[in-house]
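**Student:** If you scroll down you'll find the structure; I have some questions about it.
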Amino acid sequence: MSILKEAYLYFANGLFFKAQSFGSDGTFVGEVVFNTSMSGYQEVITDPSYSGQFIVFSMPEIGIVGVNNQDSESPRAACTGVILSSYNDFVSNFRSEQSLSTYLKEHNIMGICGVDTRNLIKMLTTQGAMMMIASTQITQESELKASLSRTPPIQDINFIKEVSTKTSYVHTDSTFDFTHFAYGTSPNFKAKVVAIDFGAKRNILNELVAVGLEVEVIPHSFSAAEILSRFKAGEIQGVFLSNGPGDPLVLHNEIEQIKQLIQSDIPIFGICLGHQLLSIAHGFPTYKLKFGHHGSNHPIKNLQSGAVEITAQNHNYCVPESIAQIATITHRNLFDNTIEGVRYKDKPIFSVQHHPEASPGPREARILFEEFAKLCCK
């Protein structure tokens, strides 16, 4: 059983209260957002897009299925901390390898419980996502306030260097086979693509492999000239721009390289941050949502088929309506009508804001990976 310690929380709006800590000790600062997923907390916590953030889970009890060695979206926990109503340290799942508390401590992630998360989420929907500080060491409100005031705004921080791969590698895993409880492989590749890693989720790369694409993952500090040279030589047939954390507007070097890519005829598919970077590279800067979209139960409408799809989402930024000048809007969010997908006119480029890889969300949006594979095989 985890020994709970006292934790003190201070928010940018002045809210201060005491809770309990079941994760790593220390003082942690980050932006607080909320996630409405009913399951899949391990995938959420290990999603690199949550770098620099505290995640408030709307699900009232978390922890009973523990943590296993297969479901992580990246090699380590990515968020700053998690905030729960109730943490259950009694693990009851045949795949579990360790408790959530043990996992968080190993990865230096704060775990906070004993919080009225319903009220906290209502505050965030009213006032918006904000910065907060939490500590098991500092107990005084004035000290926490002073420490938080010295923290730079999250929109000024570049998290990509921390979560991107340092060296190129070939990703070989395909989607998870529940009959054998193992990741499969794809022996028949139709084309080869480079996946630019801004904090790519494992299951997104798995989906690319599953549709017959050989996937070479490369660092965020890529060279557009090198990619285009390989494309012209027939070595690769497409580019994938991954998801990732933070404000896309701070990624100046990456945007400049993408500007070169979009001047060519190389097929490009972007998800989440990749979707936003394509918009900026085309001259349409993103804007920040009040409290973002975080969860595996967000409905969107496919404007091409008329179908409603339930999607997994994790983003605080959105592309502007003016993108319609150069792209066809393909998907819209049914919660707030924001843009969820675009297809650029007269170019083999398309992108979506949501996460179509369906882990832990549903499978309806997987056709997007098949569309990308078809573009690369032309």
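Note: Cβ is positioned from N, Cα and C throughout, glycine not excepted.
What Swiss-Prot lists as region 'CPSase' is 1-188, and the listing cites sequence analysis. Under the heading L-glutamine binding site, Swiss-Prot lists SER49, GLY244, GLY246, LEU273, GLN276, ASN314, TYR317. For 192-378, the entry in Swiss-Prot reads domain 'Glutamine amidotransferase type-1'. What Swiss-Prot records for CYS272 is active site, nucleophile, and it gives sequence analysis as the kind of evidence. Per Swiss-Prot, active site is recorded for HIS355, GLU357.
Looking at the shown structure, can you explain where the listed features end up?
**Tutor:** Across the residues of the region 'CPSase' (1-188), the predicted structure has a mean pLDDT of 95.
The C-beta environment of ASN314 (L-glutamine binding site), restricted to residues of the same chain at least 6 apart in sequence and closer than 8 Å, consists of ASN35, VAL44, ASP47, SER49, TYR50, ASN243, CYS272, GLY292, HIS293, HIS294, HIS355. In three-state terms derived from DSSP, ASN314 (L-glutamine binding site) belongs to an extended strand segment.
DSSP assigns CYS272 (active site, nucleophile) to coil in the three-state reduction, outside any helix or strand.
In three-state terms derived from DSSP, HIS355 (active site) belongs to an extended strand segment. The Cβ neighbour count for HIS355 (active site), using a 10 Å radius over every protein chain in view, is 28.
When Cβ atoms from all protein chains are considered, those within 10 Å of GLU357 (active site) total 26, not counting its own.
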**Student:** List the residues of the same chain that sit at least 6 positions away from GLY244 (L-glutamine binding site) in sequence and have their Cβ under 8 Å from its Cβ, in sequence order, or write 'none'.
**Tutor:** PRO48, SER49, PHE159, ILE160, VAL163, SER164, PHE198, GLY199, ALA200, HIS220, CYS272, LEU273, GLY274
**Student:** Which number gives the other C-beta atoms within 10 angstroms of the C-beta of GLY246 (L-glutamine binding site), all protein chains shown included?
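**Tutor:** GLY246 (L-glutamine binding site): 26 neighbouring Cβ atoms within 10 Å.
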